[in-house]
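Feature list (source: TrEMBL):
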DOMAIN    1-243  domain 'G-protein coupled receptors family 3 profile'
TRANSMEM  33-52  transmembrane segment
TRANSMEM  64-82  transmembrane segment
TRANSMEM  103-122  transmembrane segment
TRANSMEM  154-170  transmembrane segment
TRANSMEM  191-212  transmembrane segment
TRANSMEM  218-239  transmembrane segment
REGION    283-328  region 'Disordered'
COMPBIAS  285-295  compositional bias 'Polar residues'
COMPBIAS  311-328  compositional bias 'Polar residues'
Amino acid sequence: AIAAIAVILEILTVFLYLCHREHPLVKSISQTYSLLTTFGFLLLSLSAILIAENKPNASICTARLWLPPIGASISLGALMAKTRRIYLIFNKITKNRALLTDWNMLKTAVIPLAIILLMLTIHEAVKPASSEAIIVDEDNTVTTYHVCEFDEDFFYSLICVLGVVVLWLTKIAYDSREAPDQFNEAKELGMAAYTMVLSVITGVPLLSWLHSKNEFDAWSVVTAMFMCMPCIGMMVFLFGERLLYACRGIEDLKTGRTVGKKSSEKHTVGSGKLGSSDHKLFSKAASSDGSTNTKVRVKTLNHDYDHSHTSRTNNPSSPNGTSPVPRV
């Protein structure tokens, strides 16, 4: 049941994302990598359905072992790619657009997947997963369970690799926390990573204990739960708020300004902070040589202020290449 809920939620997320893909809050988080993230979670949730198979054969056992880490690595790799792009842009590490394209960022996205595939291939060559019948005699009742057997140490090594990816993702998300709210997913990624780490910390020891006690029915239920709960949590944290705002026609995460609604932008004299309207004014005022001499009249807090300023853009022809700084 929980796997079905996770699958429905992921399909609904894709549907809403495609319906509102032109909305500013949705468009700003990269369509390609957001859909890849959802696809990975969908693969992970679908693999939980295989846990319900009572008599798995060798093929199902292989799928049980391969699909969860592949799905997780696809999702985490996509999150790494788009978060790294935000990190590079807003920490001013590079301004080369060629290095920031979806195709170039794909190199970052495939790193976790490539490592996981290599490890799975080696395991398949050395000791492939297999189905085994285990007879349990309890209270004069004999029960035969068909379970999948594979190297537990290898399974733990897969979890360690994915754990390192989660830690690195959390770090670059934290380092990008000063990015504008429209692009910033540091809080959402932090909550999503916390959900995944908490599930692993509590789930792995519990599953190991249930397996050692031959509680295979409970093991199947708990495994499916701990595979799907992080998917549901991460989908809600990563996309829930933005898609809700998009459905309601809200464009601004902080002010709650709806589409077509005029709201006064708070502008503090001498603060050096610009509202969205100020950004538009200064971007339009830029000339070809990188300098402007513009007289701008801005109405803020029911008072009129005259702003005379000279600013420079990041134009290669500008000698200093400094960013526009208004004088208020």
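Yeah, the Cβs are placed from backbone N, Cα and C, and that goes for glycine too.
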Spell out yes or no: are there three or more C-beta pairs under 8 angstroms between the transmembrane segment (154-170) and the transmembrane segment (218-239), with each pair 6 or more apart in sequence?
no
Give the one range among 33-52, 191-212, 218-239 whose Cβ atoms make the most pairs under 8 Å with those of the transmembrane segment (103-122).
33-52
What parts of the chain pack near the transmembrane segment (218-239), using Cβ distances under 8 Å and only residues at least 6 beyond its ends?
2-3, 5-6, 9-10, 13, 17, 34, 37-38, 41, 44-45, 47-49, 51-52, 68, 75, 79, 185, 188-189, 191-192, 195-196, 199, 202-203, 206-207, 210-211
